[in-house]
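K.L.:
Straight from TrEMBL, here's the annotation block:
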| type | residues | note |
| --- | --- | --- |
| DOMAIN | 11-238 | domain 'CWH43-like N-terminal' |
| TRANSMEM | 12-36 | transmembrane segment |
| TRANSMEM | 68-89 | transmembrane segment |
| TRANSMEM | 110-128 | transmembrane segment |
| TRANSMEM | 140-162 | transmembrane segment |
| TRANSMEM | 183-200 | transmembrane segment |
| TRANSMEM | 212-232 | transmembrane segment |
Amino acid sequence: MRRQQALFNVNFSLLVTVVALLPLLGALTCIVLSILLNFKESTWTHCRVANYLPSISSAIGGYAPQKYIWRICIALHAAPRFLFAFAYFGYYTSFHVGPRNTLYKNLARLCVFLHVLENTALVTLTYVSSTDNYAVHENMFIVFMVCSEVYMLLSCILYKWSHESNGRVMTKSEVRSYQYKKRLFVFNLAMFLTAVYTFFRHEWYCETGVYSIFALCEYLVVFSNIAFHYTAKYDFSDQQVLLAGEESGDHPKEMVLSLHPV
């Protein structure tokens, strides 16, 4: 006979909120502290034109205590993010979409892989700053952005596909979640492309304030990415995360982490 003793139980929506607030408040704190404590150094540009905002890399990885605040926030938020990735796999594969269900499940697997890789790249670029190893930091940033954009696009496709297949009709909550996902993806992509444009414009022409626009777009890319992942609150609003110790006869206790309806 299997006996289960709950050791930890938390509402999924609360967990998602805490996980979203960690990088959001961490990034805002680092930006504000960089402006207040290291304005001249953090806003310096190679062509010495006026700049009013530090880049994300400079704000979170260039100076103390900012880099330690950011690392703590990312370390605390990383493990639950991996949990969310696999929770979404279970969520999407709980739907059967008809004749193309095999393709649908393979895309769900790809979505999980991209989510995990995005989170891994974020952790790596957090702990390897641009001053520590520029090549590693730059490559991990590229991996993070590519995975992030493709993941968001694929999430929108899978969400619509799963909730409208076989004659299904989305509920109001599902429509809200899908609309948020779609709008945040479009906004995130627009800000990312604007950031790329302003970065190269700054490199080529060294115009006053252009690097500040680049930095602002970087902030908006980060914040909209956080907001996109926060939409999990709507998808798992009726779920709770349960960590339990499970015993069976003479077998030792095993730890079981699972999702259960509230």
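A Cβ is built for glycine as well, from the same backbone N, Cα and C atoms used for every other residue.
What's the neighbourhood like for each of these?
P.N.:
Sequence-distant contacts of the transmembrane segment (110-128) (same chain, at least 6 residues past either end, Cβ-Cβ under 8 Å): 60-61, 70-71, 74-75, 78, 81-82, 84-86, 88-89, 92, 136-137, 140-141, 143-144, 147-148, 150-151, 154-155, 158.
Non-local neighbours of the transmembrane segment (140-162) in the same chain are 57, 88, 92, 95, 97, 104, 107-108, 110-111, 114-115, 117-118, 121-122, 124-125, 128, 177-178, 181-182, 184-185, 188-189, 192, 221, 225, 228; each lies 6+ residues outside the stretch with a CB under 8 Å from one of its CB atoms.
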